[in-house]
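The next block holds one structure in the form of C-alpha coordinates; read it before the comments.
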Amino acid sequence: MGTPLDTRTAQAEEVLDRLYEEYPDTTISLTYSNRLELLIAVMLSAQCTDERVNKVTAELFAKYDSAEDYADADQEELAEDINSITYYNNKAKYIRSACADILEKHDGEVPDTMSELTELAGVGRKTANVVLQHGHDIVEGIVVDTHVQRLSRRLGLTEEEYPEKIETDLMPVVPETDWQQFTHLFISHGRAVCDARNPDCDACALEDICPSSKLDHDVDLASGDEW
Ligand code: SF4
(Lines of atoms letter the chains of each structure in order from A and count residues from 1; the text may use other names and numbers.)
(Lines give C-alpha, C1' and ligand atoms only; values in the text may rest on other atoms or scores of the structure.)
Protein backbone atom coordinates (compact mmCIF):
# COMPACT_ATOMS: atom_id res chain seq x y z
CA MET A 1 0.00 0.00 0.00
CA GLY A 2 2.21 2.80 -1.25
CA THR A 3 1.02 5.98 0.40
CA PRO A 4 3.60 8.74 0.89
CA LEU A 5 3.69 10.84 4.06
CA ASP A 6 1.83 14.15 4.12
CA THR A 7 4.78 16.43 3.37
CA ARG A 8 7.92 16.02 1.30
CA THR A 9 9.98 16.80 4.40
CA ALA A 10 8.32 13.99 6.38
CA GLN A 11 8.63 11.66 3.40
CA ALA A 12 12.35 12.45 3.01
CA GLU A 13 13.03 11.84 6.72
CA GLU A 14 11.14 8.53 6.76
CA VAL A 15 12.88 7.35 3.60
CA LEU A 16 16.27 8.29 5.08
CA ASP A 17 15.55 6.51 8.40
CA ARG A 18 14.67 3.31 6.61
CA LEU A 19 17.57 3.43 4.16
CA TYR A 20 20.07 4.07 6.98
CA GLU A 21 18.80 0.81 8.49
CA GLU A 22 19.15 -1.03 5.19
CA TYR A 23 22.57 0.29 4.18
CA PRO A 24 24.42 1.38 7.33
CA ASP A 25 27.91 1.42 5.80
CA THR A 26 27.31 2.77 2.32
CA THR A 27 29.78 5.23 0.85
CA ILE A 28 31.39 6.22 -2.46
CA SER A 29 32.35 3.17 -4.52
CA LEU A 30 35.03 4.76 -6.71
CA THR A 31 38.64 3.89 -5.88
CA TYR A 32 41.11 6.77 -5.39
CA SER A 33 43.93 7.76 -3.08
CA ASN A 34 44.09 11.55 -3.52
CA ARG A 35 41.98 14.48 -4.76
CA LEU A 36 43.29 14.40 -8.30
CA GLU A 37 42.49 10.69 -8.62
CA LEU A 38 39.03 11.38 -7.18
CA LEU A 39 38.40 14.11 -9.76
CA ILE A 40 39.58 11.92 -12.64
CA ALA A 41 37.52 8.94 -11.42
CA VAL A 42 34.36 11.04 -11.10
CA MET A 43 34.90 12.56 -14.55
CA LEU A 44 35.26 9.07 -16.00
CA SER A 45 32.17 7.80 -14.18
CA ALA A 46 29.67 9.98 -16.08
CA GLN A 47 27.28 7.53 -17.75
CA CYS A 48 29.58 4.63 -16.89
CA THR A 49 29.52 2.15 -14.00
CA ASP A 50 31.82 2.70 -11.03
CA GLU A 51 32.91 -0.92 -11.40
CA ARG A 52 34.24 -0.33 -14.90
CA VAL A 53 35.88 2.95 -13.88
CA ASN A 54 37.67 1.21 -11.01
CA LYS A 55 39.04 -1.43 -13.38
CA VAL A 56 40.40 1.24 -15.73
CA THR A 57 41.81 3.53 -13.06
CA ALA A 58 43.73 0.67 -11.42
CA GLU A 59 46.15 0.92 -14.38
CA LEU A 60 45.59 4.57 -15.23
CA PHE A 61 46.62 5.83 -11.78
CA ALA A 62 49.75 3.70 -11.90
CA LYS A 63 50.74 5.36 -15.19
CA TYR A 64 49.72 9.01 -14.54
CA ASP A 65 50.52 10.63 -11.24
CA SER A 66 50.18 14.43 -11.38
CA ALA A 67 48.05 17.06 -13.12
CA GLU A 68 51.13 17.70 -15.26
CA ASP A 69 51.20 14.06 -16.40
CA TYR A 70 47.61 14.31 -17.68
CA ALA A 71 48.03 17.81 -19.14
CA ASP A 72 51.11 16.71 -21.08
CA ALA A 73 49.64 13.39 -22.17
CA ASP A 74 49.13 12.67 -25.85
CA GLN A 75 45.39 12.83 -26.63
CA GLU A 76 45.35 9.54 -28.53
CA GLU A 77 47.38 7.70 -25.94
CA LEU A 78 45.22 8.88 -23.03
CA ALA A 79 42.05 8.03 -24.97
CA GLU A 80 43.48 4.57 -25.64
CA ASP A 81 44.23 4.14 -21.93
CA ILE A 82 40.57 4.72 -21.06
CA ASN A 83 38.96 3.22 -24.18
CA SER A 84 36.64 0.84 -22.36
CA ILE A 85 34.89 3.84 -20.77
CA THR A 86 31.91 5.56 -22.41
CA TYR A 87 32.78 8.71 -24.39
CA TYR A 88 36.49 8.05 -23.85
CA ASN A 89 37.64 10.48 -26.53
CA ASN A 90 35.75 13.41 -25.03
CA LYS A 91 36.68 12.41 -21.50
CA ALA A 92 40.37 12.29 -22.45
CA LYS A 93 40.05 15.83 -23.86
CA TYR A 94 38.29 17.10 -20.75
CA ILE A 95 40.84 15.50 -18.43
CA ARG A 96 43.79 17.00 -20.33
CA SER A 97 42.16 20.43 -20.40
CA ALA A 98 41.04 20.36 -16.74
CA CYS A 99 44.52 19.27 -15.64
CA ALA A 100 46.17 22.02 -17.73
CA ASP A 101 43.98 24.55 -15.88
CA ILE A 102 44.73 22.96 -12.51
CA LEU A 103 48.41 23.31 -13.31
CA GLU A 104 48.25 26.89 -14.59
CA LYS A 105 45.66 28.44 -12.30
CA HIS A 106 45.76 26.32 -9.13
CA ASP A 107 49.44 25.34 -8.68
CA GLY A 108 48.67 21.75 -9.58
CA GLU A 109 46.14 21.32 -6.75
CA VAL A 110 42.47 20.40 -7.21
CA PRO A 111 40.52 23.55 -6.24
CA ASP A 112 38.13 23.56 -3.28
CA THR A 113 35.29 25.84 -4.36
CA MET A 114 32.24 25.08 -6.46
CA SER A 115 32.92 27.98 -8.83
CA GLU A 116 36.56 27.06 -9.46
CA LEU A 117 35.74 23.39 -9.95
CA THR A 118 32.89 24.01 -12.36
CA GLU A 119 35.15 26.25 -14.44
CA LEU A 120 37.26 23.18 -15.27
CA ALA A 121 36.49 21.46 -18.58
CA GLY A 122 34.02 18.61 -18.22
CA VAL A 123 33.23 19.38 -14.56
CA GLY A 124 29.58 20.07 -13.78
CA ARG A 125 27.90 20.63 -10.46
CA LYS A 126 27.51 16.91 -9.80
CA THR A 127 31.21 16.15 -10.24
CA ALA A 128 32.15 19.24 -8.24
CA ASN A 129 29.85 18.22 -5.38
CA VAL A 130 31.47 14.77 -5.18
CA VAL A 131 34.99 16.25 -5.20
CA LEU A 132 34.07 18.83 -2.55
CA GLN A 133 32.42 16.23 -0.31
CA HIS A 134 34.96 13.43 -0.56
CA GLY A 135 38.10 15.37 -1.43
CA HIS A 136 37.71 18.46 0.73
CA ASP A 137 35.06 17.56 3.35
CA ILE A 138 32.90 20.42 2.10
CA VAL A 139 29.19 19.65 1.68
CA GLU A 140 27.56 22.35 -0.43
CA GLY A 141 24.78 20.37 -2.04
CA ILE A 142 23.33 16.98 -2.90
CA VAL A 143 24.89 14.87 -5.63
CA VAL A 144 22.13 13.95 -8.07
CA ASP A 145 23.17 11.03 -10.24
CA THR A 146 20.88 8.77 -12.24
CA HIS A 147 19.81 6.74 -9.17
CA VAL A 148 19.02 9.82 -7.08
CA GLN A 149 17.15 11.28 -10.04
CA ARG A 150 15.02 8.12 -10.53
CA LEU A 151 14.32 7.31 -6.88
CA SER A 152 13.54 10.88 -5.85
CA ARG A 153 10.84 11.01 -8.51
CA ARG A 154 9.50 7.54 -7.74
CA LEU A 155 9.24 8.35 -4.06
CA GLY A 156 7.41 11.62 -4.63
CA LEU A 157 10.25 13.82 -3.34
CA THR A 158 10.38 15.88 -6.52
CA GLU A 159 8.56 16.29 -9.80
CA GLU A 160 11.54 17.95 -11.46
CA GLU A 161 13.31 16.13 -14.29
CA TYR A 162 16.78 17.61 -14.45
CA PRO A 163 19.54 17.02 -11.88
CA GLU A 164 20.20 20.65 -10.91
CA LYS A 165 16.50 21.37 -10.41
CA ILE A 166 16.07 18.13 -8.47
CA GLU A 167 18.97 19.17 -6.22
CA THR A 168 17.33 22.56 -5.60
CA ASP A 169 14.09 20.78 -4.75
CA LEU A 170 15.72 18.29 -2.38
CA MET A 171 17.95 20.65 -0.40
CA PRO A 172 15.13 22.25 1.66
CA VAL A 173 13.51 18.90 2.54
CA VAL A 174 16.59 16.80 3.31
CA PRO A 175 18.39 17.69 6.56
CA GLU A 176 21.74 19.27 5.69
CA THR A 177 23.59 16.76 7.87
CA ASP A 178 22.25 14.01 5.59
CA TRP A 179 23.06 15.61 2.21
CA GLN A 180 26.15 13.48 1.62
CA GLN A 181 24.72 10.15 2.77
CA PHE A 182 21.42 10.78 0.98
CA THR A 183 23.17 10.16 -2.34
CA HIS A 184 24.95 7.00 -1.22
CA LEU A 185 21.78 5.57 0.33
CA PHE A 186 19.80 6.21 -2.84
CA ILE A 187 22.54 4.73 -5.03
CA SER A 188 22.65 1.61 -2.84
CA HIS A 189 18.89 1.20 -2.95
CA GLY A 190 18.79 1.88 -6.68
CA ARG A 191 21.39 -0.80 -7.31
CA ALA A 192 20.03 -3.39 -4.87
CA VAL A 193 16.24 -3.07 -5.20
CA CYS A 194 14.84 -0.13 -7.14
CA ASP A 195 16.55 -0.56 -10.48
CA ALA A 196 15.54 1.35 -13.58
CA ARG A 197 13.76 -1.36 -15.53
CA ASN A 198 12.44 -3.82 -13.01
CA PRO A 199 12.32 -2.62 -9.41
CA ASP A 200 11.66 -5.33 -6.84
CA CYS A 201 8.78 -3.61 -5.02
CA ASP A 202 7.87 -6.85 -3.19
CA ALA A 203 11.23 -6.78 -1.43
CA CYS A 204 11.42 -3.01 -0.89
CA ALA A 205 11.65 -1.49 2.60
CA LEU A 206 9.92 1.65 1.25
CA GLU A 207 7.00 -0.07 -0.46
CA ASP A 208 4.26 1.13 1.91
CA ILE A 209 5.28 4.79 1.47
CA CYS A 210 6.14 4.70 -2.24
CA PRO A 211 3.65 6.30 -4.63
CA SER A 212 5.23 4.35 -7.51
CA SER A 213 4.98 0.90 -5.92
CA LYS A 214 4.07 -1.59 -8.62
CA LEU A 215 1.98 -3.46 -6.07
CA ASP A 216 -0.76 -0.83 -6.08
CA HIS A 217 0.15 1.93 -8.55
CA ASP A 218 0.01 1.83 -12.32
CA VAL A 219 2.55 4.54 -13.09
CA ASP A 220 6.31 4.79 -12.60
CA LEU A 221 6.64 8.39 -11.43
CA ALA A 222 10.30 8.41 -12.54
CA SER A 223 9.31 8.21 -16.21
CA GLY A 224 5.59 9.01 -16.03
CA ASP A 225 4.96 5.80 -17.97
CA GLU A 226 2.76 2.87 -16.98
CA TRP A 227 4.56 -0.07 -15.46
S1 SF4 B 1 11.37 -0.69 -5.44
FE2 SF4 B 1 9.24 -0.17 -5.91
S3 SF4 B 1 8.35 0.35 -3.92
FE4 SF4 B 1 10.59 0.46 -3.69
S5 SF4 B 1 11.14 2.59 -4.07
FE6 SF4 B 1 11.32 1.49 -6.01
S7 SF4 B 1 9.35 1.75 -7.05
FE8 SF4 B 1 9.06 2.27 -4.88
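Just so you know, glycine gets a Cβ as well, placed from its N, Cα and C.
No curator has checked TrEMBL annotations; they are predicted automatically.
Straight from TrEMBL, the features:
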type	residues	note
DOMAIN	44-192	domain 'HhH-GPD'
BINDING	Cys194, Cys201, Cys204, Cys210	[4Fe-4S] cluster binding site
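The candidate set comprises the binding-site residues Cys204, Cys210. Of these, Cys210 has the most other Cβ atoms within 10 Å. The average per-residue pLDDT of the prediction over the domain 'HhH-GPD' (44-192) is 97, rounded to a whole number.
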